Amino acid sequence: MFENEDNKTPATCSFCGKTEDQVKSMISGPGVYICNECVELAQSIIDTETKAEAQKDFTNVPTPHEIVDTLNQYVVGQEEAKKTLAVAVYNHYKRVNASLSDDDGTELQKSNICLVGPTGSGKTFLAQNLARILNVPFAIADATTLTEAGYVGEDVENILLKLLQNADYDVERAQRGIIYIDEIDKIAKKSENVSITRDVSGEGVQQALLKILEGTIANVPPQGGRKHPQQEFIQIDTTNILFIVGGAFDGIETMVKNRLGDKTIGFGVDSKQEYDPDKSLMQQIIPEDLLKFGLIPEFIGRLPILTALEKLTEEDLVRILTEPKNALIKQYQKLVSFDDVSLKFEDDAVKEIAHLAIERNTGARGLRSIVEATMRDIMFDIPSEDNIKEVVITKDTVDGKSKPEIVK
């Protein structure tokens, strides 16, 4: 029994005035007491305010036009994918808002998204920017690290842990975040035929992902790793988490051509020099093609929105280097400006960077490594040289044939 040390009377809750005899438990602090009933009431008030705040966050979701306009500031090209994603995200968060406001009981089903596109076409970048526009927690997972329960590798619940960590362990915020699962094509079944051997990183992972994609209460180990009976879990409802999956799906164009009856593929076709056929084929991908590729029907059913990203051209890469708000060249210009040096890339140099990325088949993802290699030596020298005013990068600099031109 808590007692007041001055008069030896039973402790009294500083908030409601009840004594410890009238409540289940009493928590003491320096000169104050609070009973379990007041703690529960305070928690109820906080929960109500949190829900109201969460509802408020999604009453002003940007319109699809506003989402695309913002994406255009950072992402070059991929107009069809932007439009599809903008509508899907807008409808998703309208659905979230409806579920928070306890509308008329009409249940709106979740529509997760599948992005198909070559390496370096901007799948991850699009998902990242969507999360930034909406100001929601975002996490990226690699499907190739996942295995079904009981095998060495990551459980699918670890994907949710990454989102929870990025939400600073705020479960309410995490439950309305976005998760992007990359390399989803790598967990396709190895063949359409049933095998007696286990496919622990393929179909088994697809099966394990079904529940969290659809919406379930998942038990997430707060420290990650495998589950064990003595471990405490954090429960996360995945119903309002938007899942975006993406993959290159190498070879799917062949499946599309075969389905459409186009048999023009052969040794005489130089696909590296022709982009238009690939673009039209990518836009004609349907769920049937994903099924033939190795995704199981149940998994495809959880991804009702399917959109394709185009292979980036050399012209696209030039624009990516120069146009967006955070364009790569602008980033390096800002870096050297801290040393009071201006940086100029000649037009031919920019085109050569884009050309090398196309040659290496790395898309936009490979641009930074090329620019970094071009800039490394001069960025090493600039801090030690007080008289450098301007650095000019030429085509020969990019090719490694000459050093940058320096103006002093």
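Each Cβ is built from the backbone N, Cα and C atoms, and glycine gets one as well.
What Swiss-Prot records for this protein:
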- 1-54: domain 'ClpX-type ZB' (DOMAIN)
- CYS13, CYS16, CYS35, CYS38: Zn(2+) binding site (BINDING)
- PRO118, THR119, GLY120, SER121, GLY122, LYS123, THR124, PHE125: ATP binding site (BINDING)
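Structure with Swiss-Prot features highlighted.
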residue	record	Cβ neighbours (10 Å)
CYS13	Zn(2+) binding site	21
CYS16	Zn(2+) binding site	13
CYS35	Zn(2+) binding site	24
CYS38	Zn(2+) binding site	18
GLY120	ATP binding site	24
SER121	ATP binding site	26
GLY122	ATP binding site	29
LYS123	ATP binding site	25
THR124	ATP binding site	16
PHE125	ATP binding site	18
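Neighbour counts were taken as the number of other C-beta atoms within 10 angstroms of each residue's C-beta; across the binding-site residues PRO118, THR119, the minimum falls on THR119. Annotation note: CYS38 (Zn(2+) binding site) sits in a helical segment as assigned by DSSP. DSSP classifies PHE125 (ATP binding site) as helix under the three-state reduction. Between the CA atoms of LYS123 (ATP binding site) and CYS38 (Zn(2+) binding site) there is a gap of 49 Å. According to its DSSP assignment, PRO118 (ATP binding site) is coil. Those residues of the chain, other than PRO118, THR119, GLY120, SER121, GLY122, LYS123, THR124, PHE125, with a C-beta within 8 angstroms of the mean position of the ATP site C-beta atoms are GLY117, GLY246, LEU309, GLY363, ALA364, ARG365.
Nearest in space to SER121 (ATP binding site), taking C-alpha to C-alpha distance over the binding-site residues CYS13, CYS16, CYS35, CYS38, is CYS38.
Sitting within 8 Å of the Cβ centre of CYS13, CYS16, CYS35, CYS38, and not among those site residues for Zn(2+), are the Cβ atoms of SER14, PHE15, GLY17, LYS18, VAL23, MET26, TYR33, ILE34, ASN36, GLU37, VAL39. Distance between Cα atoms for THR119 (ATP binding site) and CYS38 (Zn(2+) binding site): 56 Å, as a whole number. On the 0 to 100 pLDDT scale, the domain 'ClpX-type ZB' (1-54) averages 80 in this prediction.
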